[in-house]
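*Asks:* Let me give you the structure first, and then I'll get to my questions.
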Amino acid sequence: MADMEEVVVEANCRPEETRATHAFRSSSTHYAQVIPITTSPPPTREEDGADWGCGELNPQDAWLPITESRNGNTISATFHLISSGIGIQALLLPLAFATLGWAWGIICLSLAFTWQLYTTWLLVHLHESESGIRYSRYLHLAVTAFGLKLGKLLTIFPVMYQSGGTCVQLIIIGGGIMELFFKNVCDVKSLTGTECFLVFMCMAIVVAQFPNLNSIAWVSFIGAITAVGYCTLIWALSIGKGRPSDISYNPPEMDSNMDRFGGIMNSIGIIFIAFRGHNVMLEIQGTLPSSSKHPSHKQMWRGVTISYALIAMCLLPLATAEFWAYGNKIPYSYGKILSSVSKFHGHKTSTFVLGLICIIVVINCLSTFQIYSMVVFDNLEFKYTSRKSKPCSRWLRMVFRFLFGGVAFFAAVALPFLPSLAPLIGGMTLPLAYAYPCFMWIAIKKPQPRSGKWCINMGLGCLGLVLSVVLVVAAIWNLTDKGLNANFFKP
């Protein structure tokens, strides 16, 4: 029989951890009480994450932007998922097909879609533990699965890059498309790229004043509509104008086998990083209500099913129709892709149509910015509330958000070539979507070793890590061979 002992019960720690631990100190805790409870033999590893505060019973969750409101539903989750899941990087899918060809392009695209849909299912069902604890942030789930030190080591950089780094990329992309719009549609040549970045950032931060993730559901609705809209417009216009007579579907010739290998792996990387949003999956599910009778994973999975069906109906036609229309002449530039409808057909597409696509893309970037920036705002407010033990005031929230907008703007100005690093950094963060969920499932659910579930998750997790390493090596090879490119939006 376990002995009755005195333990320190932290206000923001998981109940099951307090029952299993004799005494510990939390860096984010400011009050505690000593009570006698029945304990079983405690773990001795520091990595067990006993000092990591998280869960449904954590009062701090009611102060933070991601979990402040849990009144979402399947519809709002669907809008968030579509808006965060479709990005302008999908326009580069035809470029991957130009290297891989029809058969391997479709096989890789189908494989990537199925793989990341499976890991999404894992995350959705890991969101709530059997004891009712909710993990509404990817980092919290990783710490629970891998331990405090290893969880932070593996996931802090990928999560922060895929939130803050994505916001910087959205400023570069949105500002670049605005510059393309002003110069080629409005014939305004005086605006510079930096000025367009500033205009975009100002609009994004104004919209970012909504208090929490659930309150921007209507913004995500606009983002979902615009994402589906510009993907459909681009592939429909490509098919509608017909196929030029001088195009080829043969892979481009390479000078060496290493160049060929680098091109193939870079194309596979483009396909795999076209699917995004795993770093905000748990956060979106955290906006949904949950109870023992109606757990949140049911609503969330319905939202995932609807949203991913729409994502598939956008990305597959976009990749195949663009490749059919332009073959291996598809340009490696967002701006050139947007203007390629007129370039490759010998006559000008309506300026109105090109301008409409640019406006839709900019609106989509503004909407997507709100979802990914909310992770950064949540982290900033978490640090403040952990130290002060009180929620952020409205004016302090505004200060945090304007401060982040300024930092992101200067990063965009200093790193205009960041989109060209997407294959490299995307390869480094690939395990976040394709490997870590499998390992977390094994660590938390503890399936029987060498059982079917154990083998599937272990195999996919290891394959994801290997793929990440290979993509990083290929990206470094391509960068050393071709260099950085800051002209992603030049028509």
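Placed from the backbone N, Cα and C atoms, the Cβ positions cover glycine too.
The domain 'Amino acid transporter transmembrane' annotation in TrEMBL covers 71-478. Among the features that TrEMBL reports, transmembrane segment is placed at 77-97, 103-126, 138-157, 194-210, 216-237, 306-326, 352-377, 398-418, 424-444, 456-477.
Show me how these features fit into the shown structure, please.
*Replies:* Listed as Cβ neighbours of the transmembrane segment (103-126) (distance under 8 Å, sequence separation of 6 or more from its ends, same chain) are residues 93, 96-97, 135, 138, 141, 267-268, 271-272, 274-275, 278, 281-282, 285, 297, 300-301, 304, 308, 312, 315-316, 319-320, 323, 433-434, 437-438, 440-441, 444-445, 457, 460.
Cβ atoms under 8 Å from those of the transmembrane segment (352-377) belong to residues 65-66, 80, 83-84, 86-88, 137, 159-160, 162-164, 166-167, 170-171, 173-174, 177-178, 180-181, 184-186, 200, 203-204, 207-208, 210, 212-213, 216, 219-220, 222-223, 226-227, 229-230, 233-234, 237, 279-280, 283-284, 338-339, 341-342, 397, 400-401, 404 of the same chain, restricted to positions at least 6 beyond its ends.
Tertiary neighbourhood of the transmembrane segment (424-444): same-chain residues 115-116, 119-120, 122-123, 126, 129, 138, 141-142, 144-146, 154-155, 157-159, 161-162, 165, 269, 272-273, 275-276, 278-279, 453-454, 456-458, 460-465, 467-472, 474-476, 479, selected by CB-CB distance under 8 Å and a gap of 6+ residues from either end.
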*Asks:* Counting a contact as 3 or more Cβ pairs under 8 Å, with residues at least 6 apart in sequence, do the transmembrane segment (398-418) and the transmembrane segment (194-210) touch?
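*Replies:* Output yes: the transmembrane segment (398-418) sits against the transmembrane segment (194-210).
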*Asks:* Which sequence positions outside the transmembrane segment (306-326), separated from its termini by at least 6 residues, show Cβ-Cβ distances below 8 Å to it?
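*Replies:* Here the qualifying positions are 74, 77-78, 81-82, 85-86, 90-91, 93-94, 96-98, 102, 105-106, 109, 113, 117, 120, 224, 227-228, 231-232, 234-236, 238-239, 241-244, 247, 249, 274-275, 337, 340, 344.
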